[in-house]
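Residues or ranges marked as repeat 'WD' in TrEMBL: 57-88, 140-175, 318-349, 516-547, 570-601.
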Amino acid sequence: MAAPVMDTCHVSCCANHTPNVVSWGRGGLIAFGTCNSVALYNPQVLIFTACAVCSGHSGPVCAVDAMSLSSSQLLVASASSDSSVKLWTCSSDTGKIGSMFIIKVIITSLAVPVLACGGDDSRVHLYVQLNGQFQRFLTLTGHEDWVRCVEWATKDGELWLASCSQDCLIRVWRLFAKTATEPDQQTDAVIKMKENVFQVSGDEFAVTLETVLAGHENWVYGIHWQPPCVKGDSVDQPLKLLSASMDKTMILWGPEEDSGMWVELVRVGEVGGNTLGFYGCQMSPDGFMILAHAFHGALHLWHCDSNQVRLWRPSVVISGHFNAVQDLSWDPEGEFIITVGSDQTTRLFTPWTRNGCSEITWHEISRPQIHGYDMQCLTMVGRFQFVSGADEKVLRVFKAPRNFVENFANISCTSLEKLLGSDLPEGASTPALGLSNKAVFQGMNPLNSLPPTEDDLLQNTLWPEVQKLYGHGFEMFCLASDSERTVVASACKASKPEHAAILLWSTTSWKQLQSLPSHSLTVTQMAFSPNGCLLLAVSRDRTWSLWRRGNPDSDTEASFSLYANTSKDTAVHARIIWSCDWSSDSKYFVTSSRDKKVIIWGHCGSGVRVGECEGESVTPCSSVLDVGDSATAVSICPYLCSDKSYLLAVGLENGTIVLYKWRPSEDLFSGADWSRCGETDACQSHTLTVKRLRWRPRPGRAGHGGNEEQAWVQLASAGADHVVKIFNIKISAL
């Protein structure tokens, strides 16, 4: 089998903000739900996979658990907001139980499968499988609010069940087999817990309340027993229970050796910040790492030294957006990417080489902007400065603080003197009721050479906001900057021509330079030509416009005038034009549309750059490429293939990214000028719409060095499935 053309270099994502969506397997893999996919984290490789689909619920599924009935049969329990619990085998569902809203289900075995369900009636319901059907045999009461999670553990032939609730309490129950009748006379006074006695398959069992754990100050959403460990020829189940709460803490509980009383052993969590608490928790198979997932999907990882079991430290972990990623941009040197998403955050990712490890991994090292509106677009205006737009009428300009530049220099092994500018603030902070990041000029220390933890990302990696730009009448939609980073173009949502005008801004004075009216509906994307002479815009009105700069060499700030455009009568695209891009030589530009068409434009046959051939019109230079689905993103690689053809990446609405080579040809009808040279497979593709594609502006792979790097290019993609991906492509082999 041939090696794939596109090799996945990095995947950034986080857990869905829903309870109990993360699981840590005995093999060491962490599985979590992200958007409508399941991610497996190891923690340096991410893949997405699905083995089977069980359909039958009429509402969203909120809890799943499974157990092996035999070496070849699996029993799966699922709970849904349709107020039902379904039991599944490999072939079909075995039954349906319940009439209450079940929040968590968990299965274990007591000669026969036993199912525990916690629901909105504040009770824990126990079911056993008899004659092929699950029958309720016991209800455990005590909680005073919704039961959010239940977990089984087995120790010395007894079952231990933990339950947690919105009443802020955790209750631990013990289920055991009844022995011979105890004598009536006792030599010592003993306090006996109330027993709930029941029979299963002729054997008598009892359930007692072992303890009630009070330590959290808010709803307890998740609990997890420490995984069993192998000791010699036996398997030992430690009686240690981990809990996660909306009070932003996790607690590890366990009984004291002398008294047997359950106490708090370890407490970890967040202090301050502007987030809500934890939705669930897990523990590694060896018991030396604990993981929580937060309300906004972030994973929080702590580890302890085997010699200091009470000392837990935060660890580096994967991170990403928890809503659709709308836009991304490489820095001009191609050493990091910045992304914006509907989760109201701007995030910065860069490669990092761990000490003693040759493999390079990507990590989020800064969260420059945490906003109150959904983010929509951004553009870089320098190495450490960018403009962002959101679902508001204001554009905001951000500049990197000194502590970020120092941390970036440490992680990327770059000379600090080369990166530092003058008058850089130390950091930034967000006022309690404000939307603007304020500069902090002293009192903040730079981070070390490790990627920051989630706590640091939230509180210590903001960039100061240095400017606000007012001028648009509706929410921002797209941004672009020229190659010299002197002009920024912006456009907002529009349903009328007067609102669809493009605004131009000076990056030195941040004053509005010009308004460019042409389109009648929202401008969806813009791109400056690499030579800085032309601005291309595409729109929902199915047309494109091309604006030429007056005199870029003059001392005065240049003006743009309409050079070429299509109208409703001359438009080739029949639907919304979603995306556009330029070739690196400024000879051609490309448009992609909802009509599934990709077209390359220019001065056909002239061989000159667009705008430099007076009297020559701008027309299609390629045959119409039908990509089979709505073409939502397109980007031209800045470097030619070995056969001197142009390499294009096209992102589709179904999540696939396809690579095409295009060579200029006089025959625009045969389609021979296009050749398909690669595409993402099922694991590499996004599961929802590809929102943006960007090639790295330099050849090679970020973080790598050496002459052989000239053979590689990198492509970054952003998707509506909350995921950012980076692909390595060996352009010399195409």
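Each Cβ is built from the backbone N, Cα and C atoms, and glycine gets one as well.
Those TrEMBL annotations? Automatic predictions, nothing curated.
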Structural state census, the repeat 'WD' (516-547) (DSSP three-state):
0 helix, 17 strand, 15 coil
Residues of the same chain, at least six outside the repeat 'WD' (516-547), with any C-beta under 8 angstroms of its C-beta?
477-484, 487, 489, 491-498, 500-504, 560-568, 571, 573-586, 589, 591, 593, 601, 609-611, 618, 638
Summarise the repeat 'WD' (318-349) as counts of helix, strand and coil residues per DSSP.
0 helix, 16 strand, 16 coil
Could you give the mean pLDDT over the repeat 'WD' (57-88), rounded to a whole number?
66
